[in-house]
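In what follows, a single structure is set out as structure tokens and then discussed.
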Amino acid sequence: MSLPLNNNLRSGHQRTDSESTYELLPVTETSSTSPEPIKKSRHALPTRLEKVYMAVAAFEAIVIASIAFAVFGLVQANIKSQNAKVRPVPVYLAVFILAQIFSLLYIFDALRARNIVQLIMHLFFNLCMLIYSILQIPQTKNALSNDNAPGACGFFERCTGPDSLFNLLQKLMIVPPIIFGLCTIVFCVLIKYIHKVWGWSVFRLVGAQPELKRAHRHYQTMISLLKMLLFFGLAFCTAMLILASAWSAKRAEFIITIVAFPLVIIFMLGCGWALRKENKPMMAACLVLMVAGIAYFIYKLATLWLPRTEGLYSNTKITMAIFSIFSIIILLATFILSLLCINDFGKGLIDAHRNPENRTSLWSLPANARFEKRMEYAEKYGKSEGGHTPMIGGEEGGRNERLVIE
């Protein structure tokens, strides 16, 4: 039986007569009846499961974002009041739109890096958005009910009640929970099968050493948490910008939030770089910033109920409290994972990350994925009718080799 040789198996190996003998032989010319050669294209399509996962995520994002824009347009076109009670409505919609942009990028990166932990975290993120979309309906109703005077909602007789603006908005806002629920079920099924496919990729990356596999799992979880923390930080800043921009008495809060935007991004990029390069001084600085971040979100959580600031968070206390609590939890988890990752420094994981064969992208398969496809191809066809071995690599594959097992 003839099998294609992986790039990592360039040297021959011979066993005793009682065992199989391995040797390198040049590939003979294929017959006209042999299958078409497999080309190691740099632009090979991803696996079918990855394409389906990305397609479902894109469908979800397009539908949810379209509904959010429609609701936002109806609110802006019909409500001219600057009442602080109505101001939270754009906050809900802005968070929805930002969440869908983040979700697509998060999935894209998980598929690119073949990070199963990140896909599982995206599943929980989708569940959080499902809960948020359900809570958004009564919160929007409460916000509009505070401005229910005649003519307050444009062409509608009233803001809430029969023939009201909220009646129309409610029909649109019921759709996101349904979409989130259905897509979450589909994601669960896909993750189950993707986990089986990617198991071989992890083996190719770090080998079979339990210690190295555990370090790789810590690394994947830490990276996934950092990206999730990035969303919650930016979403919180976005909500604060919308709220503080309409409250002239809190210009300092507005300026602080604007400054925090780039700092959050720089912090996440710095932590990711230090983790990948195993830079302990930089990781120590990140730990200090995480403690500062926990203190900041605890402070913001307390200000939601302080008399001097509670007017700013009118009808958004639940939303802002959810983001603050989730940010605190993720920061605590990230802090603990950071300590575990620092303990894993120097165990060989950095060498696996530097291997060019492990660099991936969504539309260009990693070397280990191409290897899996070549192995499946060889197992399917074996030798051709003329006794020849199917070519691996084609014109772009360089030196063609095969492994003969006697």
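Here the Cβ of each residue, glycine as well, is placed from N, Cα and C on the backbone.
Note that TrEMBL annotation is computational and uncurated.
TrEMBL lists 1-40 with the feature region 'Disordered'.
Here TrEMBL flags 1-11 as compositional bias 'Polar residues'.
The annotation transmembrane segment is assigned in TrEMBL to 52-77 (among others).
Residues annotated as transmembrane segment in TrEMBL: 89-108 (among others).
Look at TrEMBL and you will find 115-135 (among others) tagged as transmembrane segment.
Below 8 angstroms of C-beta separation, residues 49-50, 52-53, 56-57, 59-60, 63-64, 67-68, 96, 116, 119-120, 122-123, 126-127, 129-130, 133-134, 136-137 of the same chain, each at least six residues beyond the ends of the transmembrane segment (174-194), sit close to that stretch. The transmembrane segment feature in TrEMBL is assigned to 174-194 (among others).
Confidence in the domain 'DUF7789' (216-334), given as mean pLDDT, stands at 82. Residues or ranges marked as domain 'DUF7789' by TrEMBL: 216-334.
What TrEMBL lists as transmembrane segment is 225-248 (among others).
Look at TrEMBL and you will find 254-275 (among others) tagged as transmembrane segment.
Annotation comment: TrEMBL describes 282-299 (among others) as transmembrane segment.
Feature annotation from TrEMBL assigns transmembrane segment to 319-342 (among others).
Beyond its flanks by at least six residues, the transmembrane segment (282-299) meets 233, 236, 267, 270-271, 273-275, 324, 327-328, 331-332, 334-335, 338-339, 341-342 of its own chain at Cβ-Cβ distances under 8 Å. Sequence-distant neighbours of the transmembrane segment (254-275) (same chain, 6+ residues past either end, Cβ-Cβ under 8 Å): 219, 222-223, 226-227, 229-230, 233-234, 237, 240-241, 244-245, 282-283, 285-286, 289, 293, 338, 341. Helix, strand and coil residue tallies for the domain 'DUF7789' (216-334), in that order: 102 helix, 0 strand, 17 coil [DSSP]. Only residues 6 or more beyond the boundaries of the transmembrane segment (52-77), in the same chain, are considered here, and those with a CB under 8 A from a CB of the stretch are 46, 86, 89-90, 93, 96-97, 100-101, 103-104, 107-108, 111, 119, 154, 165, 168-169, 172-173, 175-176, 179-180, 183, 186-187, 190, 194, 362.
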